Structure formats: C-alpha cells, structure tokens
Amino acid sequence: MNSHTLPIKQLFYLMLLFQLGSIGVNFGGHIGKDAWISLILGTIEGMGLFILYYLLYKQHPSLTYTQILQHTLGKWIGTILSLLYSSYFIYIGARVVRDFTEILNLHILYQTPAWFISIFFLITVSYAGYKGLHTTSRVGMILLKVFLVLWLLFLIGVFLSHLFHLSNLQPLTPQNWRPIFKNILPLTIPYGGMITFLMLFVYTSQKDKIFKNGIWSIFISGFFLVATTILNIGILGGPIAQELSFPLLTSSSLIKIDAFIQRLEPIAIILLIIGVFFKVYIFHYTACLSISQVFKWKEIHIIPTISILMACISVFGAENNITHFYIGFHILPYYVHVPMQIIIPLIVLCIPLIYKRKSL
C-alpha cells in the first residue's frame, strides 16, 4: 500500500469512477418522472461541497484530512473525529458492498450466499490495496474507457430497440417543486463522499489543478447519472422507475434488437462492477490511511481488518433490503451525512479563520 505521487490525471479518473459507482442506484426516491431534475440540483450542490473540501485542503496543503483534524482541533478531539471518520468510511463502503451483493443475488448469482459475494469482492479490493494507489489508479484509467464504451452500447441499444418514450418525461416542468427539493439531500451521496479525497490530495502532483479536475469530474459524472436516470424514466415510466432499487438493470433487460441481441443486463452489471469497485476501494483505502496515521501503524497491516469489518457490516448491517434502503434514504442523509460531510468540515474550515481574525 505504498504511497506514490499521484498524477493529476489519475486523480481525476479516480474521482470520476468513484462518483460513477452510484450509476445503478435509484436516487429518485418517490418523485417519479422528475427525478432527473432533482439529480441536476443535487449535482450543483455536490459542486458546492467540493468547493468546501477544496478550501479546507488549501488551508493545509501538506496535510491529509486526519492530520487537519488533529492540527485544528487538538490531539484528543482530532483523534476521536479521525477514528469517527474512519468508521464512517468503513460503514459507507460496506453499504456499497451490500448494494452490489443485492444486485448480483437478484440478477445473476441467485443461489450464491451474500456473504460469499462480499468476501470475494473485498478480497479483490484488498489486493488492490496491497498493490497501492498509483497502480490501482492506472488500472482505473483503462477501466474508465471500458465503462464509457459499455455505456454508449447501452445507449445505442435503447434507441435501436425503440424503448425510449419522451412522453414518460412529460410535462417537463414539475407541478410541485417541494418533493424535488426535499429529495436533493439524499442526492449528495455520490458527491459528499468526495470528502475521502481530502486524504489523497496531499499525494497529488500539480496541486494547482486539483480544483479544476474535481469540478470537471462532478460535472461529467453528473451528466452520466442524469442521462441514465432520464433513460430509465423514458423506458420504464416514472411510476415504475421510482419503485425499483436498481432501474438500470431492468432497463437493460428490455433491450431487444431484432432476434439475436436481447437482454443486455451483462452490460449494466459490468458498469456496476467497475464503478462499485473503485467506490469501495477509495473508502477502504482512506479508512486504512486514516487509521494508520492515527496509530502510526503500517497501512499494509490494516487492510485485512478493514476488509473483514466491511464484509461483516455488509452482511449483518441490515436485516433485509427494505431496512437497508430505509436507512440509506431516511436516516443516513440527515443524521450522518450532514454532520460528517457538511457541518464538521465547515467548522474545521472556519476555526483558523476565526483565530486569524482575532490575531489581527
């Protein structure tokens, strides 16, 4: 898990893949055909969050987020919060693994136990952790191209199958904006997770280009997430799309071109595997890095423990799928994501500014 200097291009690919890891999930809640509008607003809010994280990094350009917390809040409070963030990264990463195992259980590996899928997947993530950030990010550069090609094949298949119906999106202007604004907060999930990259910016070359590449990664990922949501609604209709946990898989299963190309779920599955792998990898890597900096341990010795914790949480963290999604959409956004992604970083950003003003 050696830390090499990370070229800015590889950081960009990691940020983009991290956000695209959410492409298969239904972020529309229960707002039906207007989900894509809510997602656009969520993307704009995600850019605001990234600006917050970047400003925090600019205050301490030589420190990781763990070190920033200890430097700003003192050793004890900083250490407690650092461990809290490590736990947060582990838990959210485990939830992503749970989503992934549910998808495979429902659509491909019907008889395979969830725990087996989780363990096998996390062994792969652990191996990437041992190989290091630099090596894994180079693999990401290749897999992102595969991702884009497969997404284009999905898009072509949709239109050649004549599945997309614009009428499912009409009227384009919402009659009631309240549900849309209410749904924005859960939509920060792909972007609020970018706080993990506060652990990685310090290892990046060309630090003056971090902001531009971060904003571009959010803009591009936002485009793909919005476009995929529009396609799902156009294919399935708002009432059906809003009830599905993974609408992309259902949409791809309906593709039929003549009599020889049918049911393109493998394309959707590969898209999900690529995105989910890098999302979990970043959570896993930053959790290891944070813990190693708190206790002065070698990162390589922490990898198995983090993987075991993630596997256990992914399997036993929720009794069933309904509970899992209820926690994800009704508890985490308001009681966990808001303090961890917004309130604490904002406080840490403001404290040096307050002290600086008092010293003048």
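Here the Cβ of each residue, glycine as well, is placed from N, Cα and C on the backbone.
Unlike curated records, TrEMBL annotations are generated automatically.
Not measured: the values here are computed from a predicted model.
Annotated features, as they stand in TrEMBL:
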type: TRANSMEM; residues: 12-29; note: transmembrane segment
type: TRANSMEM; residues: 35-56; note: transmembrane segment
type: TRANSMEM; residues: 76-94; note: transmembrane segment
type: TRANSMEM; residues: 114-130; note: transmembrane segment
type: TRANSMEM; residues: 142-164; note: transmembrane segment
type: TRANSMEM; residues: 184-203; note: transmembrane segment
type: TRANSMEM; residues: 215-241; note: transmembrane segment
type: TRANSMEM; residues: 267-288; note: transmembrane segment
type: TRANSMEM; residues: 300-318; note: transmembrane segment
type: TRANSMEM; residues: 338-355; note: transmembrane segment
Best-contacting stretch, by C-beta pairs under 8 Å, relative to the transmembrane segment (300-318) and drawn from 76-94, 142-164, 338-355 = 76-94
Under a criterion of three or more Cβ pairs within a distance under 8 Å and sequence separation of at least 6, are the transmembrane segment (35-56) and the transmembrane segment (114-130) in contact?
-> no
Cβ pairs under 8 Å between the transmembrane segment (114-130) and the transmembrane segment (267-288), at least three | yes
Given the cut-off of 8 Å on Cβ pairs that are 6 or more apart in sequence, determine whether the transmembrane segment (215-241) and the transmembrane segment (267-288) share at least 3 such pairs.
-> no
The transmembrane segment (76-94) versus listed stretches 12-29, 142-164, 267-288: most Cβ pairs under 8 Å | 267-288
Long-range environment of the transmembrane segment (142-164) - Cβ separation under 8 angstroms, sequence gap at least 6 | 13, 16-17, 20, 224, 227-228, 231, 234-235, 251-252, 254-257, 261, 264, 267-268, 270-271, 274-275, 278
